[in-house]
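Asker: Next up is a structure, given as structure tokens.
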């Protein structure tokens, strides 16, 4: 089987399992509680993810005068915020996990519709749509909804009907999703083994700049709106960590562009560096003691 075809088949499967894992950790009342108690933080987070983050992406692409294909790939990343990884990082740094999961859940309800529309706009503006044989808008919305929105809804329904089995099932779903995603990453690396070193050398610093600016923007939003320290920490992560899996679904499966997928993959790796430093800092003895004192 062709390596690129294998990647396009693996990614929807892995992404479906990831979003199913998000769903089976949620109940409708969890979302209702966040809407009632943390409405401001939730709305500010959604603003940061859906509006501010793409604006930062545009500024970075214009300021650095990136090639159209690279700029389009990075913009697609900014249009796919949040994800399961951000939930895990929030837990490790002792942020507001409920807010993080709520942002992921609400974002997964919105992104299947906004991402294809804005991707079509990005491709049109970048003048590369002809190189990618156009972008099938309605089929893309349906495919994204099938692998992101549908599994979340299924997971919430299963959690409400079978709470105990879902708790037991979650580690297996998560394990299969991670295994599928890692296999898909390996496939992308194989398909781009000639391109990746050059792309990494040329654009790793761009990915790092975008990740740092995004995290800083999330924290600043929280400070401006008077959100708690744990809330600001969560917003920094939720705005700064993007859903590389969903972005790869667009570039790898819908657009079938190995070059764009390689750029997304580089960003997906590099964006973890600031998060890793934050996790390390938040778990140093003096940082843990300070958090306990608060």
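Yeah, the Cβs are placed from backbone N, Cα and C, and that goes for glycine too.
TrEMBL lists 6-28, 40-66, 72-93, 100-125, 137-158, 170-191, 203-226, 233-256, 262-281 with the feature transmembrane segment.
For each feature listed, report its degree of burial, its nearest neighbours and the pertinent distances within the displayed model.
Answerer: When Cβ-Cβ distances below 8 Å are used as the criterion, the transmembrane segment (40-66) is approached by residues 34, 74-75, 77-79, 81-82, 96, 99, 102-103, 106-107, 110, 114, 118, 203, 206, 209-210, 213-214, 217-218, 221-222, 225, 227-228, 231, 234-235, 238-239, 242 of the same chain, each at least six residues removed from its ends.
Counting residues 6+ beyond its ends, the transmembrane segment (100-125) has Cβ neighbours under 8 Å at 19, 22-23, 25-26, 30-31, 34-35, 38, 42, 45-46, 49-50, 54, 72, 75-76, 79-84, 86-87, 90-91, 132, 135, 137, 140-141, 144-145, 148-149, 152, 234, 237-238, 243, 246, 250, 254 in the same chain.
Counting same-chain residues at least six beyond the ends of the transmembrane segment (137-158), those with a Cβ under 8 angstroms from any Cβ of the stretch are 12, 15-17, 19-28, 105, 108-109, 111-113, 115-117, 119-120, 166, 246, 249-250, 253-254.
Long-range contacts of the transmembrane segment (203-226) within its own chain (CB-CB distance under 8 A, at least 6 residues past either end) are made by residues 40-41, 44-45, 47-48, 52-53, 56-57, 60, 64, 66, 70, 74, 78, 232-240, 242, 263, 266-267, 270-271, 273-275, 278.
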Asker: Checking distant contacts: for the transmembrane segment (72-93), what same-chain residues at least six beyond its ends satisfy Cβ-Cβ under 8 A?
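Answerer: For the transmembrane segment (72-93), the nonlocal Cβ contacts are 18-19, 21-22, 49-50, 53-54, 56-58, 60-61, 66, 100-101, 103-104, 107-108, 111, 114-115, 118-119, 122-123, 126, 128, 177, 206-207, 210, 214, 233-234, 237-239, 241-247, 250-251, 257, 259-261, 263-264, 267-268, 272, 275, 278-279, 282-283.
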